[in-house]
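**Q** Structure incoming, see below.
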Amino acid sequence: FTFPLLSVTLLVSFGSSMLYGYNLAVVNSPAVYIKAFYNATWSRRYGHGLVPGPLTLLYSLTVSIFALGGLVGSLLVGVLVERYGRNGTLSRSALLVLLAGGFMGFSRELGSPEMVIIGRSITGLHSGRCCLGCGAVALHHGSNLRGFLGLMPSIFICLGVFFTQVLGLPELLGQDRFWPLFLSVVVFPASLQLLLLHCFPESPRYLLIEKNDVCGATKALCRFLGTPDVQDVIKEMKEEQQSLSSVEMISVWQLLQDRSVRWQTLSVVVVNAGMQLSGIDAIWFYTNTIFENAGIPESQIPYATVGTGAIEVVAGLIGCFTIEKLGRRPLIITGFCTMGICLAGITISQLLQAALPWMRYASVACVVGIIAGFCMGPAGVPFLMTAELFTQSHRPAAYIVGGSLNWLCNFTVGFIFPFLQMSAGAFCYLFFCGVCLLVALYVYLVIPETKNKTFMEINRIFV
């Protein structure tokens, strides 16, 4: 491991994945204050406040519009990476964050809930390119560190969530007067990434395969890996380039019709949709509401939330540092199974808490288990699989398919969960439980281990 390689991985993760994690959880703590702002603004404009139903609908839109922006961003990933490379794409994304921070930061001063919603959608557009940080960072070099670097962005997602939870404490920004600042803190890491990104070379794989710049790719690899002996990695990339010399980049429609990669495509669909339908977004978006329904005293909820965030960072580190030893399959199967069991546990604990008051703490333990299980594997492995299961000709289309499903499912969960919780009560978690267990079964039966295999070797396994 070299300092330049570690530095660029940290920089990409800090400016992309950490912001993604921050924006996932940032609406949880100030939910009451944002709803009050919406209600007061509506009353000022129309002479009457919002009743609970429309207010919940408007707030659900604020939460979930982030995913619609993410959907648009994910659709642009393949084109932007091909045209601008990693550095150019990330620079443009950072500028979007600055714009979004301005909208959200001045929304209350201008009395405009619309600015909050627009700002959330723009941050989603930026985060839609997070799969560039989660998948493409791992493609800098050969297979020996791909898993480690592929999961490192997931640690920054966890750190972003944890940072949000800490800032959301009542002693810091978790107060009514600070919520616009709380939403717009994202401008600081985006500015730092924008300033530092030009200090690092472009992705070697992009330089060689897309631009046919062997000299530039060699120099970049030497700098990243800290050794002049990079011919084996160059040889692997040249082999892939030669295999693609007569093959054009395929479209999404062609990918879906290509029978030679049908199992890879189905696997990307299952793991990316399963990652979002696992219920993790409901946990992150509505942690305080879940704890409130579990009977946790209101004064203790912010601190219980921070505790779950600390545990998810530890779980992410465990996954990152064990993936090259254990492999991808054990982490993702164990993670989904853990989540499924804990989701069933939340249902049981909430049904029994009226008769057994101590069951409220079982609910907290189950939430911790869901987050820990997710961060150990399902948080990062699906992005890594999207990169590993396809060669360069199919990879951009695979990113679009995986990213689109990821964000569509994210939007669906974020928008309907409050209504699902109101109608089904504790039983709403059983749907997510079933999804987790079915995805774990699919991975066990269908997806092979990809640890220490080249992209061409992985492709041949499915043939």
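Glycine too: its Cβ is placed from the backbone N, Cα and C atoms.
Automatic, uncurated: that is what TrEMBL annotation is.
Source: prediction; values computed, not measured.
The feature domain 'Major facilitator superfamily (MFS) profile' is assigned by TrEMBL to 9-451. Under the heading transmembrane segment, TrEMBL lists 57-81, 93-111, 117-139, 148-167, 179-200, 266-286, 301-323, 330-352, 358-385, 397-420, 426-447.
Let's see these features in context: how buried, what's close, how far.
**A** Sequence-distant contacts of the transmembrane segment (57-81) (same chain, at least 6 residues past either end, Cβ-Cβ under 8 Å): 23-24, 27, 31, 34-35, 38, 50, 88-89, 92-93, 113, 116-117, 120-132, 136, 206, 249, 285, 395-397, 399-400, 402-404, 406-408, 410-412, 414-416, 418-419.
Distant neighbours of the transmembrane segment (93-111): 15-16, 19, 37, 41, 44, 73, 118-120, 122-123, 125-126, 129, 179-181, 183-187, 190-191, 193-194, 197; these residues of the same chain sit at least 6 beyond its ends, with a Cβ under 8 Å from one of its Cβ atoms.
Long-range contacts of the transmembrane segment (179-200) within its own chain (CB-CB distance under 8 A, at least 6 residues past either end) are made by residues 4, 7-8, 11-12, 14-16, 18-19, 22-23, 26-27, 29-30, 33-34, 37, 87, 90-91, 94-95, 97-98, 100-102, 104-109, 116, 119, 123, 126, 167-168, 173.
Same-chain neighbours of the transmembrane segment (266-286): 24-25, 27-28, 31, 63, 161, 332, 336, 339, 343, 367, 370-371, 374, 378-379, 381-382, 385-386, 389, 398, 401-403, 405-407, 409-410, 412-414, 417-418, 421, 429, 431-433, 435-436, 438-439, 442-443, 446-447, counting only residues six or more beyond its ends whose CB sits under 8 Å from a CB of the stretch.
Sequence-remote contacts of a segment are chain residues at least 6 beyond its ends whose Cβ falls under 8 Å from one of its Cβ atoms, and for the transmembrane segment (301-323) they are 25, 28-29, 147-148, 150-152, 154-155, 157-159, 161-162, 164-166, 168-170, 174, 287-288, 291-292, 331, 335, 364, 367-368, 371-377, 379-381, 451.
Away from its own ends, the transmembrane segment (397-420) comes close to residues 56, 59-61, 63-64, 66-68, 70-71, 73-75, 77-78, 124, 128, 131, 135, 249-252, 254-256, 264-265, 268-269, 272-273, 275-277, 279, 281-282, 285-286, 289, 382-383, 386, 389-390, 428, 431 of its chain (Cβ-Cβ under 8 Å, at least six residues beyond either end).
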**Q** With pairs closer than 6 in sequence left out, are the transmembrane segment (358-385) and the transmembrane segment (330-352) joined by 3 or more CB pairs under 8 Å?
**A** yes
